[in-house]
Structure formats: C-alpha cells, structure tokens
Amino acid sequence: MISKQGNCRNIKNDNNVNIKRLILGRSTSAFGEAFFLITLPLFVLGYSDSLAVSGGFFTIASIPAIIITPFLGVMVERVNKKKLIICCDLCTSLIYTGLAVMCGTKSRYLILLLAGVMVIKGCASFFDIASKVMFSELLDSDSMQKYNALKSFCDTAVSMIAPAVGTLVYGIMGFRTVLVVSAVLYACSALQECRIEYIPPNRSRDTCGKDRRAGLKADECRKTEWGEVSSEESGKCNVRRELKEGISYVLGNKEILALFLLVMTLNFFVANDNEIIFPGILIQRYHISEKLYGFSTASFITGTLLAGIFIFKNHRLELFGHMNTLFLANAFCMSLVSIFAIILYPDKTLYFIVFMILEMVIGIITSCVNVPLSSYFQTRIPLSYQGRFFGLLSFSANLLIPLGITWTGFMASWLGAETAYLLNNAGVIMAVLLLRRKKKR
C-alpha cells in the first residue's frame, strides 16, 4: 500500500518533469519571438522607407497589449492554464503562417502586419502571465527558486542566440523565411506543452494536502474545476470587481506593495540602459566602435548565465533575505559605471575594460535579484490572486519602461548620459532606503 507521503513525493517528481517541459516549451516560443522581433524593425523600415512610419508602427502595435494587460490576469485565473498557453502558441503560429503567405503582396501588407503584431503581443502577454501562475501551481516553495534560475538561464541563452540567428536568416533568406521559422517554433512549443501533465490547483492541493495560500481565509475563495476565483458569489464574475480586488490585495499587503513599488522604480530608472545610457557613454562620449559595443551586452548576459547556473546548483541559498542589500549593490555598481566614465575619460581602452567587468557583476546581481523575487511572489501570493498580480506588474512595466526611456533621454541630452545614469541610480538607492526605513517602523 502506498502512503500519502510517498504519493506526494511521486507527484513532486512528476511536477519537476512537467516544469522542465514548460520551460522547454516557453524557451522554444521565446526563441521564435526573439527571432521575429529582431528582424521586424528592419523589415518595416525597408518596406516603408520612413523612420516616422516605423516609429508609429511600433507605438500603435504596443497600445492594445498595454491596455488589456491588467484584465488578462482576471481572465487567466478563470481558465485552464495549460489549454491557454497551448492556444496562445497555436494562435501565434497561425498568424505567422498567414503573414508568411501574404508576405509577397504589396497592397496593404503593412496594415496586415500591424494587426498581426497586435494579436501576437496580446497572446504573448496572456502566455507570460499564465506560465508564471503555472509555475506556482506545479512547484512547491522548496523547488521554486531552483527552477526560476533554470528559466532565467534559458531566457538569457535565448536572448543571446536568437537575435544573432534571426538577423543572419533575414539577411540571407528574407522576411518570409523568418515568419515560417517562427511559425514552426511556436507549433513545436505547443506540441511540447501538450506533454505537460497538468492538474487544476484545487485537485493537486487536495491530493498532497498542501495549501500555499498563507493568510487567505477559506470563504474568500471558491473552487471550480478550472482552479480558484476570488469571489463570494456563485453567479457571473465581474471583471472590474475582481480587478479591484487584486489592486486592493496589493495595496493591503505592505511587503508585497513595497516590492511592487521597487520593481516599478527599477523599471522607470534603470530599464533603459541599452536604449539611452550605454550608446550615450560608449559611442557618443568614448567613441567606441559599434563592433566593440556589442560586447557590452555579451558581458551582462555572461553574468546572468553564470548567476543562473549558480542559483540552480545552490537553490537552497536564502537570497531573498538579502534583497535590500542586493538592490543597493546593483544600484551602486551601476553608479560606478557613471563615476568611472567621468574619472577615466578619455582613456577609452581602460574604461571599456572596467565597463565590461562592471557589466558582468551587474548581470550576476540582477539575476540574484530577479530569481528570488519571482520565487517570492509565486510562493507568497495566493494562487487566487496571482493572475491579477502579474497582470498589474506587467501593466506597470509596459507603462513605466517607455516613460523611463523618455525621461532618461531628456536627462541625457541635457546633462550627459553618465550624469543621467548616476542620478537615476541615486533615485533607486533613495527608494530602497525609504522603503526599508518604513518597514523598520
């Protein structure tokens, strides 16, 4: 006779296999997405021969996904996550296929491409939120940091390889081939995700006798065959009310709110490095060649890969307890990039070496922040609120990153990129210290 403890151990092992399948499927579709997105600006600019049209294209394409993101979390909580991510991948694959078929037509193709990109971005937002919640449903708190580190490693590897391969394929075979390859990759991702043995959270929780909804009263949730929905009514759910409940949960939990605000601060102040700061410092100030400039990103990626491997191997390491220190260390290292840019000028060889070392350290610290932070959100936030929480988090990022780029662009043009970067990191340090002081009180 198999004991309940042995049964739970088998379920845990099965879930570890399932999470690897989810990560593999996610990485496959992410490769297709990066493969497409790196070549899209090149195609749009070549097709329209206008920077204004190109800028308008990407602005309009991003608006629908930004608007609907807060509501996606509510919708994710209502449905089977496995079916949702498979549908998102298949839908995206069909769109890529349709765009590939229509690629030869001159008439109104840019409009069709715009509509397709809008739907693709919406599916990507759906997939991202649903996959994050699935992580929480498939894993227990002991394994969360380990597999988040593996996911971080795979995401970083994809972000390093896919753009290089994508531009090569685009240059040799053209945009239609890029679309076909992306369609195939998304279809492969959907097939891989079909192998995930997914049990709705209420069933798996009943089997193992586990409930990670710390502090959540039983009457605050109702169970359905699709999972859990925060509602006291058995009738129709109201999207607006559920969204308000999600916002109220974040505002009512001081620790979650503090971390949410810190993430918003980082998205505004320091998520604009590659767009504004590094070109301003390396190319405009130090006149470093564009060929060498590419190594700046490679150095950061190397750091994140090393950190991902380290955290995966040492997943029981308690990093979250040092979160404030890691935030401050990250901001301090970023500030050193600015300080050395001022001190070492005009010795570009020495500065570039220092810059590469600092970027690798920043990559390591960034992973040591992101992995335990994601794990904390996935283990501490009740499953019935996670869809809405990650929807709100994505919404804030979609808003604040473009605003931060605009702000930093104005600051860099007025004060210089190195000074703007120094001031931005001073803002991050002040926010961390202020929130830590409030927490102590």
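Easy rule for this one: first residue shown is 1, then count along the chain.
Keep in mind that glycine also has a Cβ here, set from the backbone N, Cα and C atoms.
In TrEMBL, the annotation transmembrane segment applies to 351-377, one of the ranges 162-188, 351-377. Touching of the transmembrane segment (109-131) and the transmembrane segment (53-72) is concluded from the presence of at least three CB pairs under 8 A, sequence neighbours closer than 6 excluded.
With a cut-off of 8 Å on Cβ pairs spaced 6 or more residues apart, the transmembrane segment (256-272) and the transmembrane segment (30-47) reach fewer than 3 such pairs and are scored as not touching. Most Cβ pairs under 8 A with the transmembrane segment (414-435) among the ranges 53-72, 324-345, 351-377, 389-408 are made by 324-345.
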